[in-house]
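Right, one structure below, let's go through it.
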Amino acid sequence: MEIILAVITGVLYASGIYMILRRSMVKLILGIILLGNGVNLLIFLLGRITKGEPPIIDSAEKVLEGVYADPIPQALILTAIVISFGLQSFAIILVKRTYKVLKTDDLDQLNTTDEDS
Amino acid sequence: MTNDIIILPLVVHFFLSILLMFFWNKLNFQKIVSVVGNAVALGVAIWAFTFVYNNGTQIVESGDWPAPFGIVFVGDMLAVTLVLLTAIAGFAVSIFSTISVIKARLRFGYFSVFHFLLLGLNGAFLTGDIFNLYVWFEIIIISSFVLISIGGEKSQLEGAVKYFALNFFASMIFLTALGVLYGLVGTLNMADISLKIAEVKDTTLVEISAVLFLVGFGIKSAIFPLYFWLPASYHTPPSAVSAIFAGLLTKVGVYALIRIFTLIYGGDSFLTILLLTLAIMTIFSGGVGAIIQNNIKKVFMYFIICHIGFMIGGLALFTEVAMAGVIFYLIHDIIIKTNLFLISGLIYRIKGTTNMKKLGGLYANYPKLSLLMAIPLFSLIGIPPLSGFWPKISLILASFNAQEYWFFGALIFGSLITLIVIAKLWSEVFWKNQPEISFPEKFIYFNQLRFGQKFTFIFPIAFLTFVTLYIGFGAEHIQQLSQRIATELINNELYIDAVLKR
């Protein structure tokens, strides 16, 4: 299971960064979405995957003994998903506005900020 | 109860940003609430600062969960000093925004987002939990995306796309680093991480996470190979927005680097060499970039990059003298960079352009105003006894003691190049005769404004200049403060003991 997840994480990172490096703005958005998912999977994976051991303390005991699934990475991922959802929706609107103003999807055409004015 | 004072700056800005949303179309009311609110925030920040100064590090545990289980807010000297500086810069910029930002922009919730940005900054300085730091960073960048693109001009949108892409990427790298670190130590509290990282056997993974943090924060604070988004975006929004970005957004990256590299990865030799090399390259590339620019806003942007190098290099040396220099420079830099962009906004209002080729004769037209603008410019160079001079003594002394002559040379080079560029800027903008160019007709120039409006333009600049003069002439106080912070940072047991209540 870990190996499959590790491979998927790697593929998501690689394809995300590849898409960001492309010149099209739509691919930029796809890239950040893929990269965001890759990061979430990485955190999930690094929190150690434990099957069928919920972190619930028995009524007879005071502390948790033995192996148990760590709930913190899931909380972190939930937060990260919400944040990256907000950012991605902002990015889509931003790219749409930029496309309307500039009439181009090519990032290489975005060079008025470097002109001497 | 009394130690809850350190989270009051957060509460004030959170309350203000929500309150302002309810008065979306009442712009005059928004302006008054924002300025008054920032004055209140400044008062609260001074209160929190003096409280921590007298009583030592304060901890607030959210939900009463003790560290390392709950999220803690830690008000140590460094954090509250930066909160105070944020309040000073925020107060000045909010006054400047009321007059310099046009109505079409203010109508889209400018002030509300502005307070969210200040909320994020204060949160990032005060939090003691590394994932919480990530969340505050996200609040900062979401607010800054809105501020940079509000208005929707062509250059702004282009700048916003570049700014967005690289800052989002930086956040993802930061999150990756965080994931790796959590996998290694299994805790998110920074004080707890600092203790547990020493027990990790796999030092390669520790270094990988350190380098990932360096890349993530490096993009945000614009250090050498990662700064290219900054000159492409910071000059596009209105000057008031550029001012708060220049003063605080890159510095929050520097703050995070200082916090992470003193608390968690302190004294690693590989990282020292890496940071030092990057610092030297940052100073060189920022300085050389500043020479060839003709737009004063772009010149100031390259100075941001150049002077980030001073702080990163001082951090790499990791001695008490160097850290005191870094903290002093950080205090000086936040005030001065905010002021520089406010000045560029004022020059734009006077002449209708920020291009040095088209500017000139400012000293002949406005001699008193030019003298006011001269003080921050000369402080930036570091002419004694103004504020830029004192931290450079500490940094140069520390680099000499550590026998890091390359960094020593870079410091001298950075200062010299600042002097050359400011001298060029001074002669081009202030002393040269006004060249014959056609001025835009439909533009409200500074001399057409009423007295009250002129005053609103000049007051924030005068206020920040006064603070700069205090930093310069009251250098003894600031130096004592910096040394106290440096001691706290080098001996990180103080921070850890305070957080974990050992």
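From the backbone N, Cα and C atoms, a Cβ is placed for every residue, glycine too.
Some features that TrEMBL has for this protein:
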| type | residues | note |
| --- | --- | --- |
| TRANSMEM | B:6-25 | transmembrane segment |
| TRANSMEM | B:32-53 | transmembrane segment |
| TRANSMEM | B:73-96 | transmembrane segment |
| TRANSMEM | B:108-127 | transmembrane segment |
| DOMAIN | B:129-418 | domain 'NADH:quinone oxidoreductase/Mrp antiporter transmembrane' |
| TRANSMEM | B:133-152 | transmembrane segment |
| TRANSMEM | B:164-185 | transmembrane segment |
| TRANSMEM | B:205-228 | transmembrane segment |
| TRANSMEM | B:270-292 | transmembrane segment |
| TRANSMEM | B:299-318 | transmembrane segment |
| TRANSMEM | B:324-348 | transmembrane segment |
| TRANSMEM | B:369-390 | transmembrane segment |
| TRANSMEM | B:455-473 | transmembrane segment |
Within-chain partners of the transmembrane segment (B:133-152) [C-beta distance under 8 Å, separation at least 6 from its ends]: 102, 104-105, 108-110, 113-114, 116-117, 119-121, 123-124, 127, 159-160, 163-164, 167-168, 171, 174-175, 178, 190, 220, 233, 236-238, 241, 244-245, 249, 252, 256
Segment proximity, the transmembrane segment (B:299-318) to the transmembrane segment (B:32-53), 3 or more C-beta pairs under 8 Å: no
Criterion met for the transmembrane segment (B:455-473) and the transmembrane segment (B:324-348) (at least three Cβ pairs under 8 Å): yes
Other parts of the chain folded back onto the transmembrane segment (B:73-96), taken as Cβ under 8 Å at six or more residues beyond its ends: 3, 5-7, 9, 34-35, 37-39, 41-42, 44-46, 48-49, 52-53, 57-60, 62, 111, 114, 118, 121-122, 125-128, 191, 239-240, 243-244, 247-248, 251, 255, 258-259, 327, 330-331, 334-335, 338-339, 342, 345, 456-457, 459-461, 463-464, 467, 481, 484-485, 488-489, 495, 498-499
